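Working notes for the structure below.
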Amino acid sequence: MEFGGLKDRVWPSLGCAPPPWARGLQAKCVAHPESALPCTPRPRWNSLRKGPKPASRVCAGTGESGKSTFIKQMRIIHGSGYSDEDRKGFTKLVYQNIFTAMQAMIRAMDTLRIQYVCEQNEENAQLIREVEVDKVSALSRDQVEAIKQLWQDPGIQECYDRRREYQLSDSAKYYLTDIDRIAMPSFVPTQQDVLRVRVPTTGIIEYPFDLENIIFRMVDVGGQRSERRKWIHCFESVTSIIFLVALSEYDQVLAECDNENRMEESKALFKTIITYPWFLNSSVILFLNKKDLLEEKIMYSHLISYFPEYTGPKQDVKAARDFILKLYQDQNPDKEKVIYSHFTCATDTENIRFVFAAVKDTILQLNLREFNLV
């Protein structure tokens, strides 16, 4: 299979297999295991393709900001999408996400000292606690019933409402409320199921795709602190940086450090990236993501409790969005440099289609100038 002049020989050359959700991409993916991480990606492209190098887009942000989901949307909108066979490959990951979420809440029940209302759920919790998530490939009837009863327990619901106090995937409610459909023997993940699957990005994964005769190289990089050392020095000549912010993380703490605010960490990373000498000539596109979760959360978790400098009204979505946008704009020391900002919901294909179309012409013009075509 060929795409944009690239031969289907990238994965074998690296001695590794693509992640399950990347298999079958029309646009090729290149995953760099830590041991094979090059100092700069350009030689690999020069060896694979004649002519101008692809337009490079680094998709960056802290952990769980929506980077991989955005990349999946690029496959849906500008690539081959997800066939039935592709989506079947996500089945095990959906099951594992469900167990990961329920186990996180069961642990939090102990930490937060919340009692189960139904005594039977003590036994159900023990059953789910003993599951080895990475070995899950199916759902048993007993497990499904235990998960359903636990999710319906008022104690677990209280625990879910306090999810900012521990680490819980944004997709937990989505999957758990639809457990009956997912537990059916004929279950095949839908496109939305695929978009909601959480698989932490490690190292660097590259996605070339063809957009109006320009090869775009979208690079998804790990957002956790431990992953950044693998990539932050590797992009001396990227054309654009797409930085994703999770709007809903203003009241959450880091998975790596439970006394540091996620948004403060994201803001600091954004400043680091846009002030790096390597990125000074790169255009910056800021996607303020998870706007749907912000709209839900701002009604009961007040921004001023975490950012005392906020002076706007409580429960005001627009005021909250504007405040967070300014937080990031203020990190830019070069007032001549334009930061293109958009509010997004990475799980909403039509929203991402609209937003990406809005920035596409600007991106293409920048590329044409870079390649001396205008």
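The backbone N, Cα and C atoms fix where each Cβ goes, glycine too.
Quick look at what TrEMBL lists:
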REGION    41-61  region 'Disordered'
BINDING   64-69, 170-171, 195-201, 220-224, 289-292, ALA346  GTP binding site
BINDING   SER68, THR201  Mg(2+) binding site
Practice task
Note down the number of other Cβ atoms within 10 Å of the Cβ of ALA346 (GTP binding site), including every protein chain shown.
Solution key: 25
Exercise for the section: Give me the non-local Cβ neighbours of LEU195 (GTP binding site): same chain, 6+ apart in sequence, Cβ-Cβ under 8 Å, ordered along the sequence. Expected result: THR69, LYS72, GLN73, ALA346, THR347, THR349
Completion exercise
Students should find that the Cβ of SER68 (GTP binding site) has, within 10 Å, a number of other Cβ atoms equal to 25
Exercise for the section: Using a 10 Å cut-off, grab the number of neighbouring Cβ atoms around the Cβ of ASN289 (GTP binding site), all chains included. Expected result: 29
Practice task
Drop a 10 Å sphere on every Cβ of the binding-site residues GLU64, VAL199 and tell me which sphere holds the fewest other Cβ atoms.
Solution key: VAL199
